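Chemist: Could you have a look at this structure, given as structure tokens, before my questions?
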Amino acid sequence: MPSPLALRPYLRSEFSPSVDARPCSSPSELPAKLLLGATLPRAPRLPRRLAWCSIDWEQVCLLQRLGAGGFGSVYKATYRGVPVAIKQVNKCTKNRLASRRSFWAELNVARLRHDNIVRVVAASTRTPAGSNSLGTIIMEFGGNVTLHQVIYGAAGHPEGDAGEPHCRTGGQLSLGKCLKYSLDVVNGLLFLHSQSIVHLDLKPANILISEQDVCKISDFGCSEKLEDLLCFQTPSYPLGGTYTHRAPELLKGEGVTPKADIYSFAITLWQMTTKQAPYSGERQHILYAVVAYDLRPSLSAAVFEDSLPGQRLGDVIQRCWRPSAAQRPSARLLLVDLTSLKAELG
């Protein structure tokens, strides 16, 4: 019996968002504020589409490292005196093409402004001398805490096989708080999808919570612009993402649609309400079962049975992780359902 999982295809060869392939911004060495004795070389021009976001390196001041992921490190810093987060994308020695793709994918949200999306402030492909960085992205500082940390209380824990911290029970998240955070995330998805952008790696670890208790979607390194996908005769399937949150149609190598984010949201909402990890077991076994046998996390927890709002929330989750992408609700319909449910809860 052939496997329902798709063979991993090669990435397309060009990821620059512009036909102008020149490097973005400058300098190749950091200025005196970051590296004593360095000089500022002449700044090459950005690709025309991104010229507005060239980095003024003299205004950058790194403060502390916040963490590291599969494609780079994130630092807290100030830029022009304002708190920001700075992401340095590594030159992945095993798959540099994937690193390049991650860098340019992060800029899919350049110029976009929304309360529930982490904003890109500036970007550059110029890096400090001797560094292993492919490029630098300066982003709005969305907060010190991720939704993953709020759910599991996992701040400071080592990373697990799925690229997230090992889980332990966190503080209580009320049903009302789950719905509040869910509305933030769905509002962000609705905006992204209206711009023909799909995130493709939505999960609690990629959702920041600001000091104002607002959820902001971050980490667009796996994102795609739907219009770009249509430009290639052979489909482009992102290599990144987190397998526990990945829609079954993507695991099978089918086309990318916004409904893949809706599936990921369903797993995320399930995590918020149960405070549990979605699956346990061998990665390949889970992938096969999700595709071949419609494996999903259990909805037998008391939170989905003890109250009418809990039952309705379980129904919402079930609709969002249906095997057929066409049968899942859009972000707009989901927003209506969750708003109604939150009003019912009071």
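Every residue, even glycine, has its Cβ placed from backbone N, Cα and C.
Sharing the features that Swiss-Prot gives for it:
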type	residues	note
ACT_SITE	Asp201	active site, proton acceptor
BINDING	Leu66, Gly67, Ala68, Gly69, Gly70, Phe71, Gly72, Ser73, Val74, Lys87	ATP binding site
DOMAIN	60-341	domain 'Protein kinase'
Chemist: Return the residues near Gly72 (ATP binding site) by Cβ distance under 8 Å, restricted to its own chain and a separation of at least 6 in sequence.
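Modeler: Looking at Cβ-Cβ distances below 8 Å from Gly72 (ATP binding site), excluding near sequence neighbours, one finds Lys87, Gln88, Val89, Asn90, Ser102, Ser133, Leu134.
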Chemist: Averaged over the whole of the domain 'Protein kinase' (60-341), what is the pLDDT?
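Modeler: Over the domain 'Protein kinase' (60-341), the predicted model scores a mean pLDDT of 87.
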Chemist: State the three-class DSSP label for Val74 (ATP binding site), counting H, G and I as helix, E and B as strand, and everything else as coil.
Modeler: strand
Chemist: If you count Cβ atoms within 10 Å of each one, which of the binding-site residues Ala68, Val74 comes out on top?
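Modeler: The most densely surrounded of these binding-site residues is Val74.
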Chemist: Expressed to the nearest Å, what is the distance separating Leu66 (ATP binding site) and the residue listed as 'active site, proton acceptor' at their Cα atoms?
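Modeler: If we compare the Cα positions of Leu66 (ATP binding site) and the residue listed as 'active site, proton acceptor', the gap is 20 Å.
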Chemist: Around the residue listed as 'active site, proton acceptor', how many other CB atoms lie within 10 A of its CB?
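Modeler: For the residue listed as 'active site, proton acceptor', the count of other Cβ atoms within 10 Å is 25.
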Chemist: Taking just the CA atoms, what is the gap between Val74 (ATP binding site) and the residue listed as 'active site, proton acceptor' in Å?
Modeler: 17
